[in-house]
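Below is one structure, written out as structure tokens; comments come after it.
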Amino acid sequence: MAAPRQQDRRPGCCGSVASYLSSAKFLLYVGHFLSTWGDRMWHFAVSVFLVELYGNSLLLTAVYGLVVAGSVLVLGAIIGDWVDKNARLKVAQTSLVVQNVSVILCGIILMMVFLHKDELLTMYHGWVLTSCYILIITIANIANLASTATAITIQRDWIVVVAGEDRSRLADMNATVRRIDQLTNILAPMAVGQIMTFGSAVIGCGFISGWNLVSMCVEYFLLWKVYQETPALAVKATLKAEEAELKQLNVHREAEPKPPESAHLMGDREPAVPAREPEPEPEPGCAEQLAEPFRTFRDGWVSYARQPVFLAGLGLAFLYMTVLGFDCITTGYAYTQGLSGSVLSLLMGASAVTGILGTVAFTGLRRRCGLVRTGLISGAAQLSCLVLCVASVFVPGSPLDLSVSPFQDIRSRFIQAEPLPAAPTGAPGPLAPTARPAANGTTLAAPALEPGLSAESVLSVSLLFAGVIAARVGLWSFDLTVTQLLQENVVESERGIINGVQNSMNYLLDLLHFIMVILAPNPEAFGLLVLISVSFVAMGHIMYFRFAQKTLGSQLFACGPVEKEAPDESQASTSVV
């Protein structure tokens, strides 16, 4: 009798697996994986391509980074407003197509430039090649803006609708999406890096273009399938608001006073009143159309400042003002201290593991302590780990030396004992620093000296990276907390524009941290940058503490989860769970 029971269970198990694989949640994961994989490959490759094109100089890469950050800073609110005012499927498909087509065009142009760079350099004194550089950066920036629109649409809107009213499911989906981000951030650059290493830059460009073409078709189908599986995606809050306005207009019309019956003679017909046609709205003039983006920008930032989770979002943005991450700045400092590329790759792998542990910790903490308290615990964990980074500044072996001018490295590059010959127009100048690829795919300016890792500096570097790696558990848990707070507390009709402004805030603080490094680029000043970074992280968590204090009040340090954590009614009518 046991065998038939097992046979009866198998179809149910297979059916549950099949239903999950065809569910909107799983299809959303697959689409996000393909999109993120393509993004990570492209962001890794474009930096390397620009460095190789400009003679191992970081100039084009720096220009590209500034253009991307400045564009999102200025256009973030406008992109979010466009997401809010259009149908979900139209927005997702349009941003997907624009993003992938831009990457494909960039890949084709890069292939042509790599193949015919010498010929282009001699045409019109190098201006044709310079125009190609400008065109590549412009199209790549368009791809990044479209990627921003896609991220706002899928990660801030579609996930909320697919999760429905189940906030635990929303937390699990957010954590899964972040795990996908962590894995692709490591694996995608490794994959395309191998192709470029054993092939060439031209082959790398062709592979990325082909991948984006195939991925675009698959993602387009997956978006349509998720849209069909989730009928709630077809209804948007803006449409509901328009219906409410129409109902209110009908109520006003019904409430209009009618002439008294005594005003008409018995048997007389009521005089026919011609129906009033709605007066057409005057078309906006040229000045109004030109001012519309500026009004959208202003209204977006004003609305963002009025949100009940404003302090939480601002606290997250302050975490971007830091050099304590695995970007080109921290890895460049590690090179100056003698760490090898193999050691850095292992450290990056460890940081990815701790980042995934942060997503796991988020789901458990949210279930036991509530969402708002999870942010407090995550912030405390991050700051506790960053104490190690502060200690690394003062232990023996630290290169901190405040007597060395922060501008000494800049002066040494431009003040030469003997004048160098001028470079031809369109070619990289003789003062361009040499560069080498880092373990994470970014290309770094090689230091003038490459000292080995001395015994004295082992303690300082070890404490620095131990703190950076351990702090990522709290960092990603805190990031997921603020992400879900924005998802739950921003009204549906403003979800796009608010998240667009949040992206702008993140890029603004990220720009400030790059400017800070430009002002103090030498290794002797890196310890000072560490102290400034930890100060900004602390200020961000203080802002979040103030938000939590306003939200929970006397229950701030209560134990156990709460069913409902509502913000102050004077500030918002939405609830935080």
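Glycine too: its Cβ is placed from the backbone N, Cα and C atoms.
Because TrEMBL annotations are produced automatically, they should be read as predictions rather than curated entries.
TrEMBL lists 12-34 (among others) with the feature transmembrane segment.
The feature transmembrane segment is assigned by TrEMBL to 54-79 (among others).
If you look up TrEMBL, you'll see 91-115 (among others) marked as transmembrane segment. Remote same-chain residues near the transmembrane segment (91-115) are listed as 35, 38, 42, 46, 49, 52-53, 82-83, 129, 132, 135-136, 139-140, 142-143, 146-147, 149-150, 153-154, 158, 201-202, 205-206, 208-209, 212-213, 215-216, 219-220, 223-224 (criterion: CB distance under 8 Å, separation of at least six residues from the stretch ends).
Feature annotation from TrEMBL assigns transmembrane segment to 127-146 (among others).
For 253-287, the entry in TrEMBL reads region 'Disordered'.
Taken from TrEMBL, the feature compositional bias 'Basic and acidic residues' applies to 253-279.
Annotation source TrEMBL lists transmembrane segment at 309-335 (among others).
What TrEMBL records for 341-363 (among others) is transmembrane segment.
Remote same-chain residues near the transmembrane segment (375-395) are listed as 312, 324, 358, 361-362, 365, 369, 459-464, 466-468, 470-471, 473-475, 477-478, 481-482, 485, 527, 530-531, 533-534, 537-538, 540-541, 544-545, 548, 556 (criterion: CB distance under 8 Å, separation of at least six residues from the stretch ends). TrEMBL lists 375-395 (among others) with the feature transmembrane segment.
According to TrEMBL, the transmembrane segment annotation covers 525-545 (among others). Listed as Cβ neighbours of the transmembrane segment (525-545) (distance under 8 Å, sequence separation of 6 or more from its ends, same chain) are residues 311-312, 314-319, 321-324, 333, 375-376, 379-380, 382-383, 386, 389-390, 392-394, 398-400, 402, 404, 406, 464, 478, 482, 509, 513, 516-517.
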